[in-house]
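As given in TrEMBL:
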type: DOMAIN; residues: 2-343; note: domain 'Isopropylmalate dehydrogenase-like'
type: BINDING; residues: 91, 101, 129, 218; note: substrate binding site
type: SITE; residues: 136; note: site 'Important for catalysis'
type: SITE; residues: 186; note: site 'Important for catalysis'
type: BINDING; residues: 218, 242, 246; note: Mg(2+) binding site
type: BINDING; residues: 276, 277, 278, 279, 280, 281, 282, 283, 284, 285, 286, 287, 288; note: NAD(+) binding site
Ligand code: NAD
Ligand code: IPM
Ligand code: MN
């Protein structure tokens, strides 16, 4: 079990440390953790946010546990040197095209949602976000117009094969859950979304047991707040999935609770919280490590088939939350390490 651990910037190292403690407490046979530099930390040390030595560690590993990258002190750098390129580069280089972002309300946490408890209690959804294409990876640039103004541009594009493979991921995920798939796009305006909708509709013929619906992204943002319980699996593009998953986190209670798995074909995956490096609370023992601990659970499930241990971690987090182990993000006073201690205690 070779796991690359890329802690990154800001709260990345703090939350990753707690997830590593949890993994180490499980006595997994053959567990090997290999650390690597990413993000602003890697840029400082190696002059690049995703140095070749880190990529090698990633390629050699069975799975990657990722903290977060992002450092405002790097915002002046050329784009290819910015910390965020580390995670974008890993996703692209390793072909991690399917990003699974589950969101459910832990028992007892209904009152911590930004929504009314009776609305929040029904949330149990999975966002399947495409991760290798869209406006993120299209040609982009800044050009000077005839009138002397600068104009920024980013090409949004999806090919049929890119949509097809994420559609299959969405349908398969729905098949293993409640059998409902909602495809979110903006086909009323965007040609990219027209191709998306056509392909998803065609792929549906292979999954007669899954009920497919389509929704425009603006309506989806509204419905997610109005009645999130209607969603089972949501499949969507890179940008819409990014935005909707942060929104889903506050429906659940905190961005510090949402984990994710980024999968290629097969079992290789990268696992990370959906949040970023949170510079506003970095280095203060204030970050909630639960999202990263839950990402470690997803790692055991999706890369190693270790369902029992994954479920143990998830139960330990749920039990800690049921005991009122809340960080500042949930209105409590537990620090990062104390939350890790509490989860380990439950484990
Ligand atoms: P963010 O997710 O880092 O933080 C948003 C807000 O949520 C902040 O107030 C932060 O304190 C809070 N928060 C986030 N995680 C938390 C946790 N575990 N516990 C408690 N509170 C938490 O988003 P941002 O502020 O927009 O971005 C900061 C940096 O992170 C940027 O450089 C951005 O590019 C980067 N980023 C990286 C990733 C990633 O590595 N995958 C994801 C998102 C943002
Ligand atoms: C995420 C982040 C990243 C994204 C950034 C840091 C590139 O917001 O993982 O959700 O937009 O995918
Ligand atoms: Mn995001």
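Here the Cβ of each residue, glycine as well, is placed from N, Cα and C on the backbone.
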How many other Cβ atoms sit within 10 Å of the Cβ of residue 278 (NAD(+) binding site)?
23
Can you check which residues sit near residue 218 (substrate binding site), meaning Cβ under 8 Å from its Cβ, same chain, 6 or more apart in sequence, and list them in order?
186
Rank aside, I only need the closest one: which of the recorded positions 129, 136, 242, 246 has its C-alpha nearest to that of residue 278 (NAD(+) binding site)?
246
Considering Cα atoms only, can you say which of 91, 101, 246 is the nearest neighbour of residue 284 (NAD(+) binding site) among these binding-site residues?
246
Considering only the binding-site residues 101, 242, 282, which possess a Cβ situated under 6 angstroms from at least one atom of ligand 3?
242
Take every residue in the domain 'Isopropylmalate dehydrogenase-like' (2-343), average their pLDDT values, and give the whole-number result.
97
Nonlocal residues around residue 282 (NAD(+) binding site), in sequence order (Cβ under 8 Å, 6 or more apart):
9, 10, 11, 14
